[in-house]
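Below is one structure, written out as structure tokens; the observations come after it.
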């Protein structure tokens, strides 16, 4: 092939310009999303939704345009790829992956799927309200059938579910996940039983009092500042469902929810979203405006929110430092409690039916149940008609509780109605990554406990920036874990962490 | 020409789709603008500005695209234009006007002008801070030269300045404006002298106290609700410079500024912006998504903000109803004042140097000075070197005051640095339109004063919706005034209104 360096340079600039433009449209759409949830007046919502639709459509068009296709054909030639910088090479690879995935689905099939999931979400909402699984089942049936069809078009290696896993957690497979989830379940179930039988159960009634919202907000702001969340690159607002959204690395917003009767909800919600935000705020500046300027996977993202929420935020050292501040923030309300009692209360374990209300230990079991059911559905080993019974049986087996209605069972999550099969494992992977990363951090920063007990959290943020945050999507989740901890994902760290933590909490 | 009805129908749909898309991009950009001013974190501003630039560039590209040109060529054929509905016809005419205006300026010249005004704004800011007119003069010189060049390309009828006027106030000309401004000045200057000589000057010291910001905010929200501002289609926030922005007719947001030492600033700022917002919230639903879904001109828009702020909000009837509420909002702070004293205080007249701080009467003189200077500059009858002296002489002549520095004189406004010649007259036109509309309203709603005194403001909003708001840009400013009041713009109404109002305030 006969081409000059200038050809490549011009093409590279053209490619990067499309990527920047896509990022800009995504940024505008993200602001609209944030605004809709934090206070957009309701009569503007309909028109605004069309604006988001338009921007998303344009972004998608750019990602599968002939122009994009030509650039990708050019730069995926081995001799061209070799000339690129590591960042450029990874950019091209990411774009190519998106392009191929989108191009393999015929436009009319994809359009029909978008309509289907939109109807399914509405049907799910109604079905959940009525606890009427039969009303939702036909939609779920179609979504699964379409997903199976898409998997055939996308292709798969080994298990069909691998293709779905790879979307949220690049490189993750059923084989790996079965092994780590299996090891985890083997340890967590008996641990849970020991905790439930423990003589000294933590008191927790004092967490439910009337905690003034304005004071909760002030304390949330204080804790974020202690975490070195950068308020010049973000802000805290209030929404019904807490979330973090990165409009750019210079504008990473978080929201929380203040429950007047529960001091923990906003507090740990804020720390959790703050963890997501620290990740996005600390991505290297050189990745700005590229398709690598975001967290590398759902699992690694969740590891950061859970590291800050659970490993740091629910540790005894953290509360030996901050419980006095919490008492001072709510005068007279926590005077009869000490830091140790508070620490035990916020770590109380109780098997429950609802995932989003689960504690740190049992949460993993909620995820495993969903993972096993998804895998069976996608592989045609479970019919949607049998799903509620299978769900209930697994809850009985893993958690010892059984839903009385499908609303508090199989209908509780939105994910399946939106077609997000393969997403759930990220939550449990996040816990495993967090424990493994925490283990390495403790080895490399032996004074970790003392730092937390003094409220010196900057060295932790800096270590995570170096090992995780700055890389954005330049490294895969597997590379991040290997480079940061020296080994592949290993569930033993989460098992060890949970056992030693809960034996302390329950005085076993 | 051989074409079928289907051809036209398909083309019409294509044209409308571009217009809708342009509106969507404008809506996204407007949200970003609002967000930047109400609390976007500063580290995100740079990237966000690029997003706005990208969206604006795309909108401009669509407005001058070959596709747009072809649609406009088609539908401006007389037999095609005749087949359209009145709304479609006006849409095409508006697009054609924008298209021609944009197309007449060569792209490189326009680009250079954008760079020039961007540099000029920065230079102006610095020059104003230093009170250094000489540092700004070269930029102003170039902006005027370019504007004159553009006028030649756009073409003009009669005076060159007419082309600029027409941009902000379609149909307005120097000939009309000289007549109305002349008549106004002739009456306002002697009236001002009589008021200054009056024996009974209004007390106003009580307006300057420590008014708690949170209470000011509550009162602003209360007054907006009294005006029937629709909070389901808008919201009130705080910014350094108050503004109103219509993202869509279902989302018209306003901002105000709370000065702790001045109860009037936020109060009248809120009513003013609320007036702008009522206009946009009440445009007919059938204009949604078209290029007619906005106020018809700067002058008519300003007439609505000033109608609510001054004609209603500074009337004795309004305060006979609401002064008790104001006293209750600030317990103990206004107990020694009565409604009449308050009404006199907020209508106190005082010639001053700064336009944005001027009272309702002298404001018009500030505008006339700028109009006369602009007209002379654009027509080559005044050199930029002589501008400060000309400015100061006119202030002396019309207002009896003289700037000591150019910062409080010729450098006070941002408009010229951004090239917005022709904009200033809108402010005074707004006052004239407001007085003329108020005169008709009073004839058609004889119980007007009684309604205001009872706080029944809905019939006023409804009358204005019928006569002004609902039409959006479907009618020109001239048509609005003629249809609403039965005659063309007539400055006598403003003169009569000001004379009778101020004779009452000053007990003459």
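Please read every residue number as a count from 1 along the shown chain.
Backbone N, Cα and C atoms are what each Cβ position is placed from, and that goes for glycine too.
The C-beta environment of residue A:273 (active site, proton donor/acceptor), restricted to residues of the same chain at least 6 apart in sequence and closer than 8 Å, consists of A:242, A:243, A:244, A:254, A:255, A:256, A:305. Following the DSSP three-state reduction, the secondary structure of residue A:273 (active site, proton donor/acceptor) is helix. According to TrEMBL, the active site, proton donor/acceptor annotation covers A:273.
Residue A:272 (Zn(2+) binding site) counts 23 other C-beta atoms within 10 Å of its own C-beta, drawing on all protein chains shown. TrEMBL lists A:272, A:276, A:302 with the feature Zn(2+) binding site.
Here the Cβ of residue A:302 (Zn(2+) binding site) has 24 other Cβ atoms within 10 Å, regardless of which shown protein chain they belong to. Those same-chain residues not listed among A:272, A:276, A:302 yet with C-beta within 8 angstroms of the centroid of the Zn(2+) site C-beta atoms are A:244, A:273, A:275, A:301, A:304, A:305, A:306, A:308, A:309, A:430. In the three-state DSSP scheme, residue A:302 (Zn(2+) binding site) is classed as helix. Over all protein chains present, the Cβ of residue A:276 (Zn(2+) binding site) has 24 other Cβ atoms lying within 10 Å.
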